[in-house]
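A short worksheet on the structure shown next.
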């Protein structure tokens, strides 16, 4: 064989590098290394030098219970943390919480049988694993899965517990936990207790979790010979006030997500751990009615390395409204200390501080805690011990113990933790609660995801958002329940359009960001890939169902097709079913549809359903049924079918109507028609981008 010269070696090295990049999707290097890793939740999976060996980690830390989570929005991670705390405080288990993507699983067969492994797994989208659970899921469900010992059965040593987080409005309800449980059973592992399932679609996630965990703990205690003890609060984090620092000190974090942002050197890749502070190019109102708002925003990503494809999602990192921050500070007696600088350290070595420090109380509450979220019953029970008087303690204990009472007094009103403490304490300050209890018990403030409403072909460096500002009037509550992110966006829109002191519905936001780094109308964002995509062949017909803001990705699709037509490509038939209340109030993008018609001609048609303009309410599913013959003909031409919007009602009814159309038009039984619809879904001919 001829010797390889230098050029050959260079070419071979480049090919190898490209191959690794392709198969790892850049995971080996495409992450942000945060130099402030000691107190910041790890932004890049396993840290340098950190073991990926589960058994080694458990032995190193003296743990007998590891709780893995697969989480997209933080809820599964929150439940994992709660289970870890409860296991330690009630039963003396030595617990640790672990991110699935930080460990390898080929040595699950070496975990000693006196230890237990929990899997708390959310199902994302159409039955998919969460981003951090993809590798684990592919490994454990592989038909040819291999472990280190080659035992028979492979996982006869493993005792495990499972809880799934799902939404029954999706077809593949809780498929992640079901499939993992099935795979573990097949491999000979021993499940303790029932495989729990929480249902966000029915609004019962929290109660499902509470109902599942009690018999689970009983079964686990029996299996491992554990004795229950009186649960006493043991902090996971220590809070140290730093008298030598002020909020003006350059090393103090005031809302910056990591060290690069603190130093003013933020660079990509921008992702769920590292947002891009993007300028808002323009923003305007889409509704023409006083009591409701719908925003259109164009986010400029031209100065970043961010990119997107039509149909993807954009994540907005919100801040909490000042009024709720003030309420929280006041009820805890922290108003005078809000700008006091603190360092937060993990007492438990496997725990992660969920934000960078040193920082201030105000910053933690404003930028890092879901203080506006409805409170959990379990958390109220935990806080009862710190009540300001016996009456408040008794009330908190009752709220924590009685499901129906909690539902009547708290749940139906969507009360957050500060409002509950204020009501139960009758205005007294709750100064006895350790601040660490809130870091542990209140979920981390999460980015909000929106379907991108622009076309990457038409405007690759500008991302459009279409969002209704959430404001829901609830019975027995003085003020409406308002969405955190959409009202934050509304304040930004007001500021951009000339209001010097934007205060939507009496809510104020730190819209200039930490140290005015968001000034000039900026918003922190990142992009998340979606499988909601147009056919690769633009000549294929498409049918789009997008009522309300469900029209967002459909706008992107249609603008893409318009651009393709302008580029000389042949574009197939494009039907858009759009619904809203009234043509004079919330008919979004009306002029754009007319422009699309001018370019696409007979290949574009808008079918509208205005629900409040006639004697009967008319919705998109009714209009779909009226066009049954044409819909069936297009489907027989392999048209792609897209649905975006409300999962619980609209999307379900559209699915049902489509089955009826196929049954009636093709003369087949309904069961056969339902099977055809399912096959459309599995082949991606039927795609959904829906929410509960």
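Placed from the backbone N, Cα and C atoms, the Cβ positions cover glycine too.
Heads up, TrEMBL stuff is auto-annotated, nobody curated it.
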Checklist entry - In TrEMBL, which of the ranges 6-24, 25-43 has the transmembrane segment annotation? => result 6-24
Next on the checklist: Counting across all protein chains present, how many other Cβ atoms fall within 10 Å of the Cβ of residue 484 (FAD binding site)?
Outcome noted: 23
Next on the checklist: I want to check the contact list for residue 170 (FMN binding site): same chain, sequence separation of six or more, C-beta distance under 8 angstroms. What comes out?
Outcome noted: 123, 125, 126, 127, 201, 647, 690
Item to check | For residue 617 (NADP(+) binding site), the one of 71, 122, 468, 486 that lies nearest, given that the binding-site residues are compared by Cα | outcome: 468
Checklist outcome for this item: Neighbour count check, CB within 10 A, over binding-site residues 292, 448, 617; minimum at 617
Checklist outcome for this item: The binding-site residues listed are 74, 122, 167; by CA-CA distance, the one closest to residue 484 (FAD binding site) is 74
Checklist entry - Where's the emptiest Cβ shell within 10 Å among the binding-site residues 466, 486? => result 486
Next on the checklist: Let's check the environment of residue 167 (FMN binding site): how many other CB atoms sit within 10 Å of its CB?
Outcome noted: 22
